[in-house]
């Protein structure tokens, strides 16, 4: 079957041909010829008349602009400003920066009623949690309440989530307390420790806001779902073990976070165990877990788990006051000062020997709290069918932490337990955060003396009941069923946290995740294709058992970008297959004529990838073989064209639109070359 060549645009004379029009438009096979050829290769009937065409020409600047937009502006946030007047653009800009201006004008009394109920409900949870998490961070309990007052007000103005309830969280509190305690004692140098906590919070907020402003939120994606599940589970175990100090009444407890030193400290200090403390802790922990179980079984009874912590605090405080718990080895919080947040801008340390410590602490706590906040916000947004802008959330969370660091607050974000209660309580807008903040303000002004006799053991029980929900065994099992490498990442995060430290476990899991990505880049998927009998479809020989090889052809599909990191691997893999095909299954030489590379899955290629193809072309030519490329995509095709202008390594019959067309045409050519008497 003859095929007329096509001139190369911009070529040099009549003998310059274009490989970029692989099949001439309008070419057909007549019925008899088609049937005989199709039977010879085992393929179905088809017409060959397609072209491989170049994408529309674009300037280098336009390509760079498009690529930058794909990286930094995938959501196209400026589309709402197109075609608007200057006044409308100004208003839309303010609404973008302050989402409250978007929904505020249409706010109604019906919405306010729902938000007040939700706000008061989460306030009942926020008060005991704030005190508990502050102690977890080795900070004065009052700081936990400060952190539940100012940040929610800032988030209500800037945040885009309707359900996110802002405040301290267990994991970030644990990490902050553990990292700062490595260099500064929270008991001997309490003032310095507090200053470093505020400074770390400022750096965390600065980092978070910078990610949002520069639209670099994709960096957070390195914390994969598997990493987060393992990290959260490990952190929950460590947080729970740390509460053994309060639950058992131990005074001299290890400052280390690993499971081995914690358990060693527990059993080496059995003489300090207090049966009164243990009895109270077990009873209240049972009540809290029972309340959580009831709410999980029946979401309409959310108020049971939401009110249980505050009820436990009130009841335990009354009990300790009545029985004079201090005389029975039950430790209490002690006096808490009344009043609103004092300013702390003057306490921030931006120099000195602790600068690196606060930067590192701020970075890690910022990443963890930001990831948790965005994940929680998106979860509830999906349930209510609205969208949460990730970059706006980063800016909102970052700015509220920066402001919080100057108003005696430590690291805060959207907490899952509070947000779940907020959602179940019927919150409609971020006003529920404002209501919660007002309730905390009233508590700070009027009710602080009432918490003086609150036992520490109940605060420990509240923490354990809150973090136990972070252990998601069904999700880990699902990861095991889907992807074993992801499950390995999950296990590394879990065991790294409980046996080494929280921050090192997280770093280990992220490192393994990055190694997994690098492995996928350097070892891309490349498969050998065979024909599904009776069709023109080609599929992986190892996947489809009915697929068969076409005699004289080696058909390979590359299913990843080709770049400097994987060209050596691809060269070795394809070269080995060529040698194996030439030797045959029984070791005897066979007639291999064509090497076809399906490039449909190659989304990008660099100069090393082009060099791979040029070298492969030379190698196959030296071996008497012909290299054929199938369906390179736009960007790859452009680069191939430029390389071909320089090297002329691609002939007329080099590019085809599909593997089926290539095999059909080349089979005809191979039969014609063999002569009329060949079978």
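All residue numbers here begin at 1 and follow the chain in the order shown.
Glycine is treated like the rest: Cβ placed from N, Cα and C.
Annotation source TrEMBL lists domain 'STAS' at 543-666. Residues or ranges marked as region 'Disordered' in TrEMBL: 1-20. Per TrEMBL, the feature transmembrane segment maps to 139-157, 164-180, 192-214, 226-244, 273-294, 301-321, 354-377, 430-451, 457-480, 487-515.
Under the criterion of 3 or more C-beta pairs below 8 Å, with sequence separation of 6 or more, the transmembrane segment (487-515) and the transmembrane segment (192-214) do not qualify as touching, having fewer than 3 such pairs.
Ranked by number of Cβ pairs under 8 Å to the transmembrane segment (354-377), the listed stretches 139-157, 192-214, 301-321, 430-451, 457-480 are led by 192-214.
If you look at the transmembrane segment (457-480) against the transmembrane segment (139-157), you find fewer than three C-beta pairs under 8 angstroms, all six or more positions apart, and that falls short of contact. Long-range contacts of the transmembrane segment (430-451) within the same chain: residues 99-100, 107, 111-112, 115-116, 118-120, 122-123, 126-127, 130-131, 141-142, 145-146, 148-150, 152-153, 155-156, 159, 161-162, 164-166, 313, 317, 333, 335-341, 422, each at least 6 residues beyond the stretch ends and with a Cβ under 8 Å from a Cβ of the stretch. Averaged over the domain 'STAS' (543-666), the predicted model reaches a pLDDT of 85.
Take the transmembrane segment (301-321) and the stretches 164-180, 226-244, 273-294: counting Cβ pairs under 8 Å, 273-294 has the most. Residues 136, 170-171, 174, 250, 253, 257-259, 262-263, 266, 371, 375, 460-461, 463-464, 467-468, 470-472, 475-476, 479, 483, 486-487, 489-498, 502, 505-506, 509-510, 513 of the same chain sit 6 or more residues outside the transmembrane segment (226-244) yet have a Cβ under 8 Å from a Cβ within it. Across the domain 'STAS' (543-666), DSSP classifies residues as 55 helix, 21 strand, 48 coil.
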